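Before any comments, here is the structure.
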Amino acid sequence: MNLGMHMAGKMVRGKIEIKKIENVTSRQVTFSKRRSGLFKKAHELSVLCDAQVAAIVFSQSGRLYEYSSSEMEKIIERYGKFSNDSFVAETPQVERYLQELKKEMDRMVKKIDLLEVHHRKLMGQGLGSCSVAELQEIDTQIEKSLRIVRSRKAELYAGQLEKLKEKERELLNERKRLREEQIRERLMRPVVPLTLQICDRGKTTEGGGSSDVETDLFIGLPVTRL
């Protein structure tokens, strides 16, 4: 029964997220428990493994808590001596690393200077000290650069020309569509038949006859006379 309750208690217990505890009371309780557990583990380590262990803890309020398996001063003194020895042993390696960095920096500065001089020469500056061979090399590089620039410019022109042709095709298609719509609209209009009219215009004499008759021929819609 007790074993079952113990197992149930273990199952219910979950992991605690490692972050700052905001509640002040809970933070103080946790600090006290964890500090005691830390010092207990330090003591076990020193006894089980015959090791010299020291732990120093300052609380949030600045209070000091410490544990040492032997005299704290001797452990701190030994730690300081070991740190100094390690620093002295690593000093040559650090110096060699700094020297390599300095050499690499000098090489990069020289490369930058050479690139700046070459750039000025390509721009036509500082050519007085150049030999014929150097001038020929600069001329070759400029010609090569010009070919690349011209090739790129030709590509851009070709692309723009293709866009203009595509725009022209779209305009022609639109014009064709509008013309077809106009033709369809004309075909859909109703057909009005033409009427042939002969209009007589003359003068009537007193004897009931007529003379001087004028005949006009009209082709078109019938005209209504009032």
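Glycine is no exception: its Cβ is also placed from the backbone N, Cα and C atoms.
TrEMBL annotations:
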{"type": "COILED", "residues": "154-184", "note": "coiled coil"}
{"type": "DOMAIN", "residues": "11-71", "note": "domain 'MADS-box'"}
{"type": "DOMAIN", "residues": "98-189", "note": "domain 'K-box'"}
By DSSP, how many residues in the domain 'MADS-box' (11-71) are helix, how many strand, and how many coil?
28 helix, 10 strand, 23 coil
How about long-range neighbours of the coiled coil (154-184): same chain, 6 or more residues beyond its ends, C-beta under 8 Å?
none
When the pLDDT values for the domain 'MADS-box' (11-71) are averaged, what is the result?
88
